[in-house]
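Copied over from TrEMBL, here are the features:
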type	residues	note
BINDING	46, 81, 101, 102, 103, 134, 238	phosphate binding site
BINDING	219, 261	purine D-ribonucleoside binding site
DOMAIN	41-307	domain 'Nucleoside phosphorylase'
Ligand code: HPA
């Protein structure tokens, strides 16, 4: 797919994928009353595919569809992202799960990255998005393995013209000029904090601003410092395109970051310094992101499952 599709091609691609999914799901809806159309989409972030273990295994058993079988869906190419759509039930609430997300840095256009949301919206049942991600901590108070409920975002590529709503507008879905001052649903955020308290989760749950960068490089020190100065609390390479498209569809959004590493904001070691701090100190790695993801992922899974109880 090219960067910008005209409206008729967008509509055609969306309808084709929706028809494919309906063809698989409809017989299940008919066969068992227990299998209801999902009201909520959960997107699993890096290392957070374990959320799928919270799907009910037999009431009804989940239906798993690989992205590569769905027309127009791109494949997930990143370690820690499996690439399947799973329809089932979590804590009694019907749900669809994206086990593995699509990123712009993999070479996907923002239309392709957010295509699953468009397709599910076309199918007409989903109206909640729960999105999770791994993020770097920018706020000095944040530590690796803390959690952050997103209450606002900085869309750095979007401010510079790489925006998921760029191009012809799907008027039947949402407005041309979408307000994002209310992007992160207050009731859902309150629910998340309530569940965090009820579950007595020990790791901190902050509330803050997520900064979207395109990646795939981790930030330089100067970039991390800039993000902190701009008011960002965490930084990552995902989430914001999906949130924007979900809001365009009129869905409610809850977004949760797992802080997998802390970003380095101090100036680099100087060549003029007699005993410089080693330059590699604090350097981010994908292995660290996945490792810390593993440590905190149980809490994330339990939190999401508890929220699902009420959706
Ligand atoms: N920067 C950008 N994306 C990330 C980071 C980071 O430090 N950690 C996890 N995802």
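Cβ coordinates come from backbone N, Cα and C, glycine included.
Distance between Cα atoms for residue 102 (phosphate binding site) and residue 219 (purine D-ribonucleoside binding site): 20 Å, as a whole number. The two recorded residues residue 46 (phosphate binding site) and residue 261 (purine D-ribonucleoside binding site) have their Cα atoms spaced 13 Å from each other.
With a cut-off of under 6 Å between the Cβ and any atom of ligand 1, the binding-site residues 101, 102, 103, 134, 238 reduce to 134. For residue 103 (phosphate binding site), the same-chain residues lying six or more positions away in sequence with a CB closer than 8 A to its CB are 78, 113, 215, 216, 237, 238. Mapped onto three states, the DSSP output places residue 101 (phosphate binding site) in coil. The C-beta environment of residue 219 (purine D-ribonucleoside binding site), restricted to residues of the same chain at least 6 apart in sequence and closer than 8 Å, consists of 136, 213, 227, 235, 263, 284. Taking a C-beta cut-off of under 8 Å and a sequence gap of six or more, residue 261 (purine D-ribonucleoside binding site) has these contacts in its own chain: 136, 137, 144, 284, 288, 289, 292. Across all of the domain 'Nucleoside phosphorylase' (41-307), the predicted model scores a mean pLDDT of 92. For residue 102 (phosphate binding site), other Cβ atoms within 10 Å of its Cβ number 28. Just so you know, the Cβ of residue 134 (phosphate binding site) picks up 26 other Cβ atoms within 10 Å once every protein chain is counted.
Counting every protein chain shown, the Cβ of residue 238 (phosphate binding site) has 28 other Cβ atoms within 10 Å. Of all the Cβ atoms in the protein chains shown, 25 others lie within 10 Å of the Cβ of residue 101 (phosphate binding site). Residue 261 (purine D-ribonucleoside binding site) falls within a strand segment according to DSSP.
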